[in-house]
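Listed features, source TrEMBL:
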- 17-437: domain 'Major facilitator superfamily (MFS) profile' (DOMAIN)
- 21-46: transmembrane segment (TRANSMEM)
- 86-104: transmembrane segment (TRANSMEM)
- 110-132: transmembrane segment (TRANSMEM)
- 144-168: transmembrane segment (TRANSMEM)
- 174-194: transmembrane segment (TRANSMEM)
- 255-278: transmembrane segment (TRANSMEM)
- 290-311: transmembrane segment (TRANSMEM)
- 323-342: transmembrane segment (TRANSMEM)
- 348-370: transmembrane segment (TRANSMEM)
- 382-405: transmembrane segment (TRANSMEM)
- 411-432: transmembrane segment (TRANSMEM)
Amino acid sequence: MSQMKRGLHNTPPDGGWGWMIVIGCFFVTVCTRAVTRCISIFFVEFQLYFGQDYSRTAWIHSIVDCTTMLCAPLGSFVSNHFSCQVGIILGGVLASIGLVLSSFATSLEYLYLTLGLLTGLGFALCYSPAIAMVGKYFEKRKALAYGIAMSGSGIGTFILAPVVQLLIEQFSWRGALLILGGFVSNLCVCGALMRPIHLKEDYSHYPLRLEQTENDPDNRRTLGPSCLPLCQDCNHKSICYCSKKEYSFLLKPKFIILAISFLFLAYGCSPPFVYLVPYALSVGVSHQEAAFLMSILGIIDIVGNISFGWLTDRRFLKKHRYCCYLIAVGLDGLSCLFLPILTCFKLLIPFSVMFGYFDGAYVALIPVVTGDVVGTSSLSSALGVVFFLHAVPYLVSPPIAGWLVDTTGDYTAAFLLSGFSMIFCGILLGFAKIIHKIKKTSQALPVSTSDTKQEIWINTDVGCEFSDPLNQKEV
């Protein structure tokens, strides 16, 4: 107990070992999100080897991405009840095994199970717990820390994409998957860096568990929250109680609105990444220039992660991070609305810059905004729910956009729907913020003396006992 008290922190340390947590989270995003994006490089190889069409082969990427998001609450649960280290190390082992087994694939169905489900499950156990740990170590520089950590996705894609292509050319797709499985095993090292931290806020949400001493049954000593790792208390009642406490934020109106907004955000942000290159080719841009547009988007995405995180940590913007988030989402959607009228390479470059920057900006602020709504103690569970909500829109938005392209014969409807979806997300959050401020202002208005006297007359008429709110005398 004395060790637990010494390890308690009133506030996040905002530095120290926290920077090692940021580095660990950075490499977790490299090994999960960047590797997931690089799986698309194997598509042509899978098509040629198994003789299947693009739609069946594309399910591999959809399954791994969807499984990573759908199982994110499981990653949060394991992290909360065992430890973040256990969750990430276990996820690293599963993801590595999935990639290694995929190198022995004999059919696409085999890859659906190994590369899709098993690797996706491993990524899910790593992703949300690592992001939540950054929020536990940082408060004043939280946005900057998240900007650095989340930039691993863009930097990893930029570096890994040509490396994976080179591995395929040198060792075939089987050898490339085998080497990639070894690389992903570094998630276990990242998990070992995630040193637990005990904040007083964590202990204020759960009752302390008491234990009787041997000599005096009435003299009880405090062991800590009853919702700490399952190895301390494995009974069914404790697990149910802890789960109820951990997910109590689901009933908060602010989180419900935020969760609904994530559905529209997740739908809107996916099609531009999928269809930017095909659209550029359809308006006469060369293959090299179209690929360069994606490179610009990826590099500027990294700039948005770090620079916007640093800006929103400044004193003049720190109190307005919520507004900065919804502005970034709205401007990202607005850039999509202008995309159908951009018909040459020189005009598409500004789109890649604008969309990439604000995409990186709001991605860095998603954990920050979520943490401000639910609190640090519930951040891991909340991020699991947030990424779970991203799963279905990620899965259905590209096919819906493709159906619109096939039906209308151009990309206008697909990009407009994507843009309006993201703008609606920003408008919804803006209205919620305004309503919350109006409600808060109305509750802060003082009660007049005349109103109080009128209330007293009404209550005495019906013969009720009450306390005078002004003089504190019983009437």
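Using the three backbone atoms N, Cα and C, a Cβ is placed for every residue, glycine included.
Here the transmembrane segment (144-168) sits against the transmembrane segment (290-311); at least 3 CB pairs are under 8 Å, leaving out pairs fewer than 6 apart in sequence. Residues of the same chain lying 6 or more positions beyond the ends of the transmembrane segment (323-342) and with a Cβ under 8 Å from any Cβ of it are 265, 268-269, 272, 279, 308, 311-312, 317, 348, 350-351, 354-355, 358-359, 361-362, 365-366, 368-369, 410-412, 415-416, 418-427, 429-430, 433.
Segment contact holds for the transmembrane segment (174-194) and the transmembrane segment (110-132), given three or more CB pairs below 8 angstroms at sequence separation of 6 or more.
Counting same-chain residues at least six beyond the ends of the transmembrane segment (21-46), those with a Cβ under 8 angstroms from any Cβ of the stretch are 52, 54, 57-58, 60-61, 64-65, 68, 88, 92, 95, 108, 111, 115, 123, 126-127, 130-131, 133-134, 137-138, 145, 148-157, 160-161, 164-165, 168, 172-173, 176-177, 180, 183-184, 186-187, 189-191, 193-195. Here the transmembrane segment (348-370) does not lie next to the transmembrane segment (86-104) in space: the count of CB pairs under 8 Å, restricted to residues six or more apart, is fewer than 3. Under 8 Å from some Cβ of the transmembrane segment (110-132) lie the Cβ atoms of residues 24-25, 28-29, 31-33, 35-36, 39, 46, 59-60, 63-72, 74-76, 78-79, 84, 87-88, 90-99, 101-102, 146, 149-150, 177, 184, 187, 190-191, 194, 367, 379-380, 383-384, 387, all in the same chain and six or more residues away from its ends. With a cut-off of 8 Å between Cβ atoms, the residues of this chain six or more beyond the transmembrane segment (290-311) that come close are 143-148, 150-151, 153-155, 157-158, 273, 276-277, 280-281, 317, 324, 328, 345, 348-349, 352-353, 355-361, 363-365.
Remote same-chain residues near the transmembrane segment (411-432) are listed as 254, 257-258, 260-262, 264-265, 267-272, 275, 278-279, 282, 322, 325-327, 329-330, 332-337, 339-340, 397, 400-402, 404-405 (criterion: CB distance under 8 Å, separation of at least six residues from the stretch ends). Listed as Cβ neighbours of the transmembrane segment (255-278) (distance under 8 Å, sequence separation of 6 or more from its ends, same chain) are residues 249, 290-291, 293-294, 297, 329, 332-333, 336, 339, 352, 355, 359, 362, 369-370, 373-374, 382, 385-386, 389-390, 392-394, 396-398, 401-402, 405, 411, 414-415, 417-422, 424-425, 428-429, 432. Summarising model confidence by region, the domain 'Major facilitator superfamily (MFS) profile' (17-437) averages a pLDDT of 81.
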